[in-house]
């Protein structure tokens, strides 16, 4: 299973189609993948497992989200004022 994930990450070019977000505006897709990345990291870290599968979400949100949004969200997480539930 891990080999399949590693292969997908290796061949990653851009965010694939996600049926949850069929519209042209990909803002919600960006934010959801950002949340999923941090939730995945938290869940796997708490269990003491490898967080490599979470890299997929990070690659997707980095290809969709403007860098200024990501920087702002990272700052908000550090300050404890992030609006999303991680």
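Glycine too: its Cβ is placed from the backbone N, Cα and C atoms.
A TrEMBL annotation is a machine prediction, not a hand-curated record.
Features reported for this protein in TrEMBL:
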- 30-65: disulfide bond (DISULFID)
- 40-54: disulfide bond (DISULFID)
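Its Cβ taken as reference, residue 65 (disulfide bond) is surrounded by 20 other Cβ atoms within 10 Å in the chains shown. Rounded to a whole value, the Cα-Cα separation of residue 54 (disulfide bond) and residue 30 (disulfide bond) is 15 Å. In sequence order, 51, 53, 54, 57 constitute the residues six or more apart from residue 40 (disulfide bond) in its chain with CB-CB distances below 8 Å. In sequence order, 61, 64, 65, 69 are the residues of the chain that are 6 or more apart from residue 30 (disulfide bond) and have a CB within less than 8 Å of its CB. The number of other Cβ atoms within 10 Å of the Cβ belonging to residue 54 (disulfide bond), over all protein chains shown, comes to 20.
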